[in-house]
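*Asks:* Feature table excerpt (Swiss-Prot):
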| type | residues | note |
| --- | --- | --- |
| ACT_SITE | 5 | active site |
| BINDING | 25, 27, 85 | Mg(2+) binding site |
| ACT_SITE | 41 | active site, nucleophile |
| DISULFID | 45-51 | disulfide bond |
| DISULFID | 47-190 | disulfide bond |
| CARBOHYD | 250 | N-linked glycosylation site |
């Protein structure tokens, strides 16, 4: 999965997919009542990234729905996964469940079209703080009470705080999560980060007792760091330059081993070689 980073304006969806992304990451900010409000990152952000683009969250969802609904004039067949980077740092811990409920209702109405031929992309809820695990339970409760528990089949999870792998496993246990787990690891592209924790995550993914289904690394903009991440065995790379990742995947060393994921590749299944 080539994951376009900080795609917060509807116009950027076309831009990133046309550069080779089959997945996008979108920032979601919340108001003081835990309503998802804007798709907005804000400063500071990555070196060379554009961090001031934004939309109202529900408007962004409508644009995203068009981009992922077959038959729509804006449809991109390649766009199969969306990571919502949930900026829950502005919330009190006891608001996490409410944030999850409100997020689910927004998605149900504006993205899934109330379960009636809505957008088809898989969705990852990426949460920066393990203490906010109730966002997941609130999300699930809301979809169930709205009569659409089947949409949870399209939803996966990520804790993005680079926490100890054992602590992450524990948070999932508390949230009642037993699958659909992506594990991110990374740092802003302005800084260097080793691949030690990525290797631990990959080892967990590949062990029979692990909780992780997919591992992605962020934010990678250079060819050599792309090669290093692929050599470590990641499933996804988040980038400001999807074309760079696509180029490296075309190199002979990687062409035989990796391919770009399509809609038929289940993002919740661990890839077995």
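For all residues, glycine too, the Cβ spot is worked out from N, Cα and C.
Just so it is clear, the model here is predicted, and its values are computed rather than measured.
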*Asks:* For the residue listed as 'active site, nucleophile', find which of the recorded positions 25, 27, 47, 51 come within 10 Å, Cα to Cα.
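*Replies:* Close recorded positions: 27, 51.
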*Asks:* Where the distance is taken from Cα to Cα, which of the recorded positions 5, 45, 47, 51, 190 turns out closest to residue 25 (Mg(2+) binding site)?
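*Replies:* Checked the recorded positions 5, 45, 47, 51, 190; minimum Cα distance to residue 25 (Mg(2+) binding site) goes to 5.
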*Asks:* Would you mind listing, in sequence order, the residues at least six apart from residue 51 (disulfide bond) in the same chain with a Cβ closer than 8 Å to its Cβ?
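*Replies:* The list for residue 51 (disulfide bond) reads 6, 41, 42, 43, 44, 45, given in order along the sequence.
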*Asks:* Return the member of 5, 47, 190, 250 nearest to residue 85 (Mg(2+) binding site) in space, with distance defined Cα to Cα and candidates limited to these recorded positions.
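*Replies:* When the Cα distances are compared, 5 comes out closest.
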*Asks:* Please report the number of other Cβ atoms within 10 Å of the Cβ of residue 85 (Mg(2+) binding site).
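*Replies:* Excluding its own Cβ, residue 85 (Mg(2+) binding site) sees 25 Cβ atoms within 10 Å.
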*Asks:* In angstrom units, rounded to an integer, how far apart are the Cα atoms of residue 190 (disulfide bond) and residue 5 (active site)?
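*Replies:* For residue 190 (disulfide bond) versus residue 5 (active site), the Cα atoms are 14 Å apart.
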*Asks:* Rounded to a whole number, how many Å is the Cα of residue 47 (disulfide bond) away from the Cα of residue 5 (active site)?
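*Replies:* About 12 Å separates the two Cα atoms.
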*Asks:* Just to verify a number: CA distance, the residue listed as 'N-linked glycosylation site' to residue 5 (active site), in angstrom, no decimals.
*Replies:* 21
